[in-house]
Amino acid sequence: MKWFPVLSLLFWMCAVYITGIYLFVGGFLLVRLEVNRTSSCLDALYPGQELERDFCRGQPRFRKAVLLIIDALKIDFARFDPNNTSPRPYENKLPVLDETLSAKPSHSRLYPFRADPPTTTMQRIKGFTTGSLPTFIDVGNNFASSAILEDNLIQQLGQVGKRVVFMGDDTWENLYPKRFHRSLPFPSFNVKDLHTVDNGILQNIYTTLEGDDWDVLVAHFLGVDHCGHRFGPDHPAMADKLTQMDGVIRSVIRRLQNDTLLVVMGDHGMTDTGDHGGESQKETDAAIFIYSPSPLFQQPQNQLEPEVVPQTDLVPTLALLLGIPIPYSSVGQVLLPLFPPHGQSAVGALSQQEALWINAKQVNRFLETYSSMAKDIPPETLSLLRAQFSHLSSEYITAHQKGLLSSPQLTASLQAYLTSVRDTCRATWAKFNPFKMAAGLVILALACATCLLLSELSLTFIRENGALKSSCIAVMLTGVCVAIAQLLAWGYVEVPWCVAGAALSSELLFIWKAYRTRTVTKTGLKKSASCLSVPKLLTPAVLILLLRCASLLSDSYVIAEGRVITFLVFSLAFYIPVYLNWHGYLLPQIYDSPKPSALLSSPALPPSVVRKEVSTLMASLALVIGSLFLSLFFHGCREEQGLCQPSQFLSPLSRMQDDKLKNLHYILSVSALALYTFLLRSWMRNYGNLNASSITVFTANWILPLSSISLGLHWAVSGTPEDSFKNLSELIGLAQLALPRAAYCLLTAGLLLIWLDPLTVFIKSKTSTQNRLASRLPPRYRASIGISPQAELHHLIPQIYQQMRQSLDDGELSGAGEEDGRPAVEAYGLGTVYSAPLLLFCGMLGIGLLLLHPEGMALAFLLVLLEMGAVLYIHASHCLHKHNMKYSGFNVPWTPVVLWALAATQFFHATGHLPTFPSIQWGAAFVGFPDGHTGTVLPASLVILNTFASYILLAVSCPLLLLWPLVCEVRYSRGERACGDEVEDAVMEIRLRESPQQFSSALLQLSARYLFVHGAQVFASVCAAAILRRHLMVWKVFAPKLMFEASAFIVTSLSMLLGVTFVLRIDSAVTQWFKRLVPDASR
């Protein structure tokens, strides 16, 4: 077989798809490079005093600060309407704010506090402590780490010696580990718990305020947010929580000293259902209340004050009020009403113009640093901002020297510059890049067309050994030309555009070659061009695929995808027997009058054989339907699905409190695992693949059962409560560590051994001595049931058969005569030489993936094994009936390919997974590693294997669609022989070696079609995200779906390449085996 064209074409096809995904995601989910530099007290901030003044040595406006963060405190909760006589549960429950604003207008202010999406707690904390604009994905040195390494308020406070005390949501402790003078974190994961965090704060906050061992106190309350998640804002529990917060604010105000600043704020809002995370105004608009016992504002609130305060503005404001440098990466603007006009400054207070100038210098410094590291800010915009700051700098120095800093025009110019920088950064980081998105869409669309052409013209491209040489040259030249053009036009090179140009040129060149090939074959003797006609491509399977792709533009479909995809799999499986019956393939052939045998294409099967095959087909269909129905009991639930209850099998045994239920789940799981292992070994035994002495047979006989036993013992130990056997706690802890690791080692060793020696064939020559031994130990299995080894060897390689036949006729092989009617040479397992090791490889891989799932998923893995086997038998019946019981073309139709690909998505949902980030089963990272990891590669790999187990398993086993009809040929051959007909012996998978080019072409066609099905779904997800990028559900439904679909495609591509490579490895081993067989046969 030609392995290089197959692998090179598939690798190129995968690379083109991934390039399109990379470009689109780069435009849709923009990333921001983190600048890990830190501001210092010695930064030159004042004109004319660049080297003399230490900013941190000056007397700050406030010596202490208290930050009360009430999670999800939306602005509607903070407002008070005295005319509202019948307030709703969340209205008028914080009267302390209105009373303070009325009684002390120069001491307090209340503003809407607007967050930048995504409105999640972690991103919001990062926003109002660093002053940056977090994007959907932040890339920097803290990648894959929850800790914030970017310059921030907590770090700056610590550098100047201020003691920061924290209490509340433990997210802060994860973001700022070991940064607090004292920390009292409380668990925040359980949203049903409304009181633990808040009560923990209340037990410590008042004693802390009355003490003197703190400078900044941060208290993060969670009760309001959890109440919204659990009950929604319009519930009596919300009134109780807000009333409690009102009492907290009153108590804190009473304990404040004159040099202390109080900030009460929410990190985000909430919807009417109590949710958050999106970009609606109800989610982004929180409240911020600022108060000080000493006068804070020079004049009452007027129309010049801001209507809305961006969250980023809190960082520079707090920094300058507390006398610390503004964090390096902040793009916020100081809240001007908190600073007095020039000439009216209190002792230690900065004037409005001074604060704005310090703010502007800091923002300009960050802009220059960032633009030198990243090239995503447009050069024209960057030049305008530089010119604007240069003009402002000259104007400010002149005003400073002339004593004219109170100029309103200068103040407005500084504010305009700061606003321009923030708008530029927001446009760069928080907006879509339409050019990259369009480039990704074009490349993905052409990739689908290219993949379709490759699947239909696979034999032609296999015959052309140099099909990719010109494409590679074009790719390199195009990439270089794009790079040179960028250097000449922009002065720098963006690698994504070089990759895009290379991918696009290779696709266009391939399509041009395909068109030329189609033109040539259309005028020649070939008929492959006819396969490209649209009516032949629009089969029911392809139409169902197109329907699914179109449905991905509906958020309702994505939400209910688990059940819909199950229905689609059922529909396709049911379509095959309906199609066969419609065309009369499932009915015995009846001829009205006898015809010469020469006019009959093939002998008709007797009615009894047809009925038996129809029964097998119906049993397979029933097994598929039963598996699909039972798989629905293992689905998880999305937040949008309302009354949906997740499967109990998704809960690990360790979380179950009912002992009877726990025992029942364990028995079912172990039984499913045992049956899974038994079915694999039984199939191999039935086809004679367990007779050889190879290491693959050793793996099937020993490593496979031992791995299952280790997994069953691991479940038993992990499900044991910690307080059940106190005397054996150390032994149980050791077992929890050793058993899964032993399973890892066994499975890894088994997979490597199968790869090294994949053959499961046993050849036996019956010499006289062997005949005597055979009488004691008769062989149990044959190469294929009811098939003569001479016929098998004839279909291996004709030359080998001729040599062996001559040797047998001349008597050169001792004991060459057939005794007891048995052949002189017996080959065990030869008919399934390809499928047996592949099936064992996939079975071992399935057990490894099951190890990363909860115990109850053993039933789901058993169902998918049964479903795969039933689909394979239905597909085999389809192919063999259509080809008059002789599978000769090796081409896999679209229907089983689409069915196989949809089954991967169906199994994804049947193992409790969902295309949402909260549904990721993070516990997989700790299977065998209960104490955690030192790095991020291994846990990330385990989570990926857990999440995309279905795609991995179905992609690696995809070549079985090509092999299975050959495996099932033996049934029909036996049926014909039973009727006394002289028919050619079925040789099963050895037929593939008759035509190496056809074998390579069929394998390439199958892989290309499988890639096309998954690629079409990725393209549909990309189109949905692009078209609906302004949709309300884009970040909740479509963006996660895109990320999961794209990740699944990448995993599927790699897994499919692994499966194809393994088939090629088997073919290479078979070739070597034949080379060793020739001299043995000639002696």
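Backbone N, Cα and C define each Cβ position, glycine as well.
The transmembrane segment annotation in TrEMBL covers 437-459 (among others).
Look at TrEMBL and you will find 499-516 (among others) tagged as transmembrane segment.
Look at TrEMBL and you will find 537-558 (among others) tagged as transmembrane segment. Long-range Cβ contacts of the transmembrane segment (537-558) within its own chain (Cβ-Cβ under 8 Å, at least 6 residues beyond either end) map to 452, 564-565, 568, 571-572, 575, 893-895, 897-899, 902, 915, 1013, 1016-1017, 1019-1021, 1023-1024, 1027-1028, 1031, 1033, 1037-1038, 1041.
Outside the transmembrane segment (564-582) by six or more residues, the chain places 540-541, 544, 548, 551, 557, 617-618, 621, 624-625, 628, 631-632, 870-871, 874-875, 877-878, 881-882, 895, 898-899, 902-903, 905-906, 909 with a CB less than 8 A from a CB of the stretch. According to TrEMBL, the feature transmembrane segment maps to 564-582 (among others).
TrEMBL lists 614-634 (among others) with the feature transmembrane segment. Under 8 Å from some Cβ of the transmembrane segment (614-634) lie the Cβ atoms of residues 562-563, 566, 569-570, 573-574, 577, 580, 586, 647, 649-650, 856-857, 859-860, 863-864, 866-867, 869-871, 873-874, 877, 906-907, 909-912, 971, all in the same chain and six or more residues away from its ends.
Residues 648-649, 653, 656, 690, 700-701, 704-705, 708, 711-712, 715-716, 719, 839-840, 843, 846-847, 850, 855-856, 858-859, 861-862, 865-866, 869 of the same chain lie 6 or more positions beyond the ends of the transmembrane segment (664-683) yet place their CB under 8 Å from a CB of it. The feature transmembrane segment is assigned by TrEMBL to 664-683 (among others).
TrEMBL lists 737-756 (among others) with the feature transmembrane segment. Nonlocal intrachain contacts for the transmembrane segment (737-756), taken as residues 6+ away from its ends with a CB within less than 8 angstroms of a stretch CB, comprise 695-696, 698-699, 703-704, 706-707, 710-711, 713-714, 717, 837, 840-841, 844-845, 847-848, 851, 927-928, 930, 1062, 1065.
Sequence-remote contacts of a segment are chain residues at least 6 beyond its ends whose Cβ falls under 8 Å from one of its Cβ atoms, and for the transmembrane segment (832-852) they are 673, 676-677, 680, 683-684, 687-689, 696, 699-700, 703-704, 707-708, 711, 714, 740, 743-744, 747, 750-751, 754-755, 758-761, 784, 858, 861, 864-865, 921, 924, 927, 942, 945-946, 949, 952-953, 956-957, 959-960, 963-964, 967, 988-990, 992, 1059, 1062-1063, 1066-1067, 1070. Here TrEMBL flags 832-852 (among others) as transmembrane segment.
Within its own chain, the transmembrane segment (858-876) has Cβ neighbours under 8 Å at 573, 576-577, 616-617, 620-621, 623-624, 627-628, 630-631, 634, 649, 668-670, 672-673, 675-676, 679-680, 843, 846, 849-850, 892, 895-896, 899-900, 903, 907, 910-912, 950, 953-954, 957, 960-961, 964-965, 967-968, counting only residues six or more beyond its boundaries. Annotated transmembrane segment per TrEMBL: 858-876 (among others), in sequence order.
Taken from TrEMBL, the feature transmembrane segment applies to 888-908 (among others).
The annotation transmembrane segment is assigned in TrEMBL to 948-967 (among others). When Cβ-Cβ distances below 8 Å are used as the criterion, the transmembrane segment (948-967) is approached by residues 687, 831-832, 834-835, 838-839, 841-842, 845-846, 849-850, 852-853, 864, 868, 872-873, 875-876, 879-880, 887, 890, 892, 896-897, 900-901, 903-908, 910-911, 913, 988-989, 991-992, 1002-1003, 1006-1007, 1010, 1047-1048, 1051-1053, 1055-1056, 1058-1060, 1062-1063 of the same chain, each at least six residues removed from its ends.
What TrEMBL records for 1048-1066 (among others) is transmembrane segment.
Long-range neighbours of the transmembrane segment (499-516) within the same chain, counting only residues 6 or more positions beyond its ends whose Cβ lies under 8 Å from a Cβ of the stretch, are 12, 15-16, 19-20, 22-23, 439, 442-443, 446-447, 449-450, 453-454, 457, 467, 470-472, 474-479, 481-482.
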